[in-house]
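Listed features, source TrEMBL:
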- B:312-321: compositional bias 'Low complexity' (COMPBIAS)
- B:381-393: compositional bias 'Basic residues' (COMPBIAS)
- B:37-169: domain 'Exoribonuclease phosphorolytic' (DOMAIN)
- B:195-260: domain 'Exoribonuclease phosphorolytic' (DOMAIN)
- B:311-407: region 'Disordered' (REGION)
Amino acid sequence: MDVEKETLRQMNCEFNPLSRCDGSVMYSQGATGLIGAVLGPIEVKTQNLSIDGSYLECNYRPKAGLPQVIDRIREAAIRDVLELALLSEAHPRSKMSVQIQELEDRGSIDACAVNCACLAMLIGGLPLKYSFAAVHAIINEQGEYVLDPDQSETQHQRASFTFAFDSVEGNLLLVKTKGSFKIAQFNDIECLCRAASAEIFQFYRSQVAKYHGRSEATAKNET
Amino acid sequence: MSMNSNLFEPGKSKPERSFVQLAVKQNQRLDGRRSNESRDVELTFGTDWGSVAVSMGDTKVMAQVICEMGLPSLSRPNEGKLQLNVLLGGVAFLDEAYSTHDQRSLKLNSLLERTFRSSKCIDLESLCVAAEKHVWCIRVNVNVINHDGNLYDASSIATLAALMHFRRPDVSYKDGELRIFKQNGLEFTPLLFHHYPVSVTYCVYKSSGQPILDPTLLEENAADSVIVLSFNSYQELCSLTAGGTAPTNAPIVMQCARNAAARCKSLLDFVRKALALDEERRSQGDRSVNGLVGLILNTEHKLSYNKLMGIQKQQQQQQQQLPPGENMELDNESSETPVANEEPSKKEGAGAPMDTSDWLPHDEDSQELPMRSEAIPSKAGKYKTNKKTRPRKQNNSDSEEEAKQYI
């Protein structure tokens with residue numbers, strides 16, 4: 001197993017930069033940055049009303065112009081993960097609105113968008129069954145694995161993978177692959193990404209603890 | 001819980017309105033600013049050309065310019081196109097209801113269109129590659145990220161900065177074959193400008209004759225009328241929007257116009273300076289942590305108006321007296337616009353504190369008493385008459401306001 005790079009890019013986030021929503025976050029991973037905002041539970045249109053659980057609205061906005069097909073696909077991926085994680089039974093007959101705004105796309109935008117959505121949900125206080133983290137990795141031309149690649153590294157790739165994991169049992173929530181690869185390589189990369197996801201969960205924990213003004217140690221003991 | 005977010009706009013309820021009215025009457029603002037003080041403007045440039053984020057207090061707007069080759073319109077076959085597109089919603093959670101959304105986005109869009117398109121600030125003919133066949137279509141996408149009042153200024157600053165920052169790739173057109181050179185970012189060419197317009201917003205209240213600059217959302221919603229003025233660096237008026245029900249009279253509008261013209265100029269200076277700094281950073285190859293990611297925690301990439309212009313403020317006041325040559329030119333070119341008309345009297349009084357009376361009567365003169373305005377060319381004489389009439393005129397305008405309020 002050849003690993004070119006097995007560390008995530010520097011993660012950064014700022015909580016509640018926006019004033020009009022229940023929770024918002026500016027999240028960046030390397031040079032890729034997004035803003036996520038959540039509002040909920042709020043009034044729902046009758047056509048979307050469900051008595052079993054809340055309706056989830058998820059929108060992804062590209063940096064410029066109206067969403068294209070690729071943005072819709074990304075949006076659908078985020079919604080799928082969110083629908084799994086959201087404890088929708090907690091608020092029937094209501095709507096949860098999640099909006100993601102792309103700021104800068106410099107690689108791994110799919111994974112960053114999922115992470116951004118999770119942080120926004122956490123800080124907005126919407127009920128979740130578990131938090132989740134997504135990791136992106138590629139196999140480059142030389143057949144080496146590159147975790148969380150920058151845009152410059154993705155130009156000549158054989159295959160790209162995006163995995164999302166939950167925080168409680170470590171189950172796979174999302175698998176997205178492109179390109180050609182062997183199943184052994186898939187398994188290798190899944191292990192690599194799973195290990196990296198732990199780092200992201202740690203980041204969530206420390207950032208949220210910091211935001212709420214508690215030391216990380218006490219936060220850890222309680223979780 | 002479970003309420004439409006529209007209802008939560010501050011300033012829509014009666015107590016809030018009367019609070020703001022009362023505060024304005026006492027010449028106070030909730031955030032401690034003076035009436036002619038604006039919030040700090042921060043610019044952050046993205047890694048792509050023509051990508052910029054502007055924040056004024058909590059109001060945050062992002063603009064991105066993109067270009068593509070397209071067909072020109074039939075009526076203007078040798079001109080490129082400029083399209084402006086404002087997108088509300090998204091993370092701003094503005095106007096989930098369709099009716100208000102439409103109203104707001106149309107208002108913003110039309111303001112930007114008038115400021116940038118109708119004022120012909122960009123040399124569209126330079127965007128033509130082959131007449132009737134290939135022209136550049138420049139599209140500005142303005143994304144509202146957060147709304148805390150004064151979206152007009154934020155989006156116009158964002159649009160201007162994005163257009164000035166933008167570079168388009170070079171093209172060649174030979175024997176009916178079009179080639180676009182996209183390999184090297186350094187050979188891109190910036191857009192050509194005729195002038196640089198930017199807008200300034202004022203709110204006027206029934207309770208006070210003093211308009212306030214750069215309103216927050218609370219102040220904007222509680223306002224009786226909102227005046228948006230766009231000026232370019234030559235202090236020519238590019239667009240004027242005044243609506244609402246406040247007893248706005250000519251002196252108030254003219255006072256706003258004069259202050260706005262000065263502010264627009266300094267805003268443009270600020271954008272220019274910010275662009276120069278960005279250019280410097282780019283040439284140093286500092287691209288690793290660059291971009292809109294700089295919005296997060298990292299203050300280094302935010303270029304603040306107060307910081308960049310703060311030291312220069314005093315110098316500028318002195319400089320205002322300096323370039324009379326430029327203004328003379330202007331006077332000749334466009335002596336019909338009211339602002340250019342007022343230029344000389346303004347320059348003379350530049351050292352003095354802001355006082356409208358030394359130039360406002362001049363305007364009234366030219367409208368009501370054509371005899372006097374003919375006698376004006378001797379400048380020294382005019383200055384004297386202005387000084388003489390100052391107290392009287394001020395009294396006049398005050399009594400007018402009072403009368404209107406009581407009506």
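Glycine residues also receive a Cβ, built from the backbone N, Cα and C atoms like all the rest.
Annotations in TrEMBL come from automatic prediction, not curation.
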Could you pull the average pLDDT for the domain 'Exoribonuclease phosphorolytic' (B:37-169)? 89
Helix, strand, coil residue numbers for the domain 'Exoribonuclease phosphorolytic' (B:37-169) per DSSP? 43 helix, 49 strand, 41 coil
Per DSSP, the domain 'Exoribonuclease phosphorolytic' (B:195-260) contains 17 helix, 27 strand, 22 coil
